[in-house]
Amino acid sequence: MVILLHCAARYLYEYNAIALADWRIADIVDSAVRFSVPLFFMVSGYVFYGPHQPRPRHLMRLVMCIVAYGCIAVGYKAIWGSGALDALLLLPFAPPFYHLWFFYTLAPVYLVGMLVTVREPPRFWLIIGLAVIFFVVLNPHLAYLAPFSLARSGAAALDGSVIWYVLYAILGAALGRSVAPRLPWGGIAVIIVVGTTAIIARDAEVRTAAAADGTLTAPLFNYMSVPVLAGAVAIFMAVRTGTIPVMARPTLLFVHRYSLPLYGLHALVLDALWRRLFWPADQAWKIAAIFPLTVLLTLCIAIPLSSIDRRRWIT
């Protein structure tokens, strides 16, 4: 989902330069996979905010990933001659390539996991109510709803991004251990995901079209927005209650086996493909071509890398 998100993202900054139909397709694709980032933090919380808390070795593995994939990204920047030295010097504090922010944000989530444990199964609707309080009532990212008096700022607001990813982790742990109501979660997830995708995509188009220079304006793209929260929770509950087609499980297990190098390297492969084969981002069919090619080429690197990294520090 994250790779697909990055494949579609370039189109969204070309509103006045490409056909509206192509821009809309990219907008829909991007909106449909916005749930991936909150989902990951929810799954991380489900794994680590319970009996199996993060240990020092987990943090060490995270540091190794930052160093390894960060240095690879710096080397890639050096090939293209674009600020490699500065990126290397700032590596302990800032990701050298856009996708690596994920590892840096995961570190405080792990640290909080050493202190926070969701042990007793909470009541499902109590969890949903608390999620509404935190993600709606106390959410300072709802500035786009200011005319409806839903924006929050000041002492009551939870400012900063890291706290929201921690909250997503706690939410995932709580939902994962709660007794879920007997509902058709698969169908509910489909309805919510389709509905929220339409809302996110339409909001982005209307606001971007209203901008004088066609600058991308999409507040609902924010990972803390209400539609993204709703879609992420729906997908999480569908997966958590076992609503996964049996035919899809071998594929998911295969992707899971190489998910870490897939994430750490895909953006570099994608950038190289854009530079050499697919630029400019002007026709939506390129998404359908560049996505599987990026996955395939990254796997060609990830599989041998995993065989070398026998202790699984970065794979």
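Yeah, the Cβs are placed from backbone N, Cα and C, and that goes for glycine too.
Per TrEMBL, the stretch carrying the note transmembrane segment among 12-30, 183-201 is 183-201. Sequence-distant neighbours of the transmembrane segment (100-118) (same chain, 6+ residues past either end, Cβ-Cβ under 8 Å): 37, 40-41, 44-45, 48-51, 53-54, 58-59, 62-63, 65-66, 69-70, 73, 94, 161-162, 165-166, 169-170, 173-174, 177, 263-264, 267.
Between the transmembrane segment (260-278) and the transmembrane segment (62-80), three or more CB pairs separated by 6 or more residues in sequence fall under 8 Å, so the two stretches touch. Confidence over the domain 'Acyltransferase 3' (1-305), given as mean pLDDT on the 0 to 100 scale, stands at 84.
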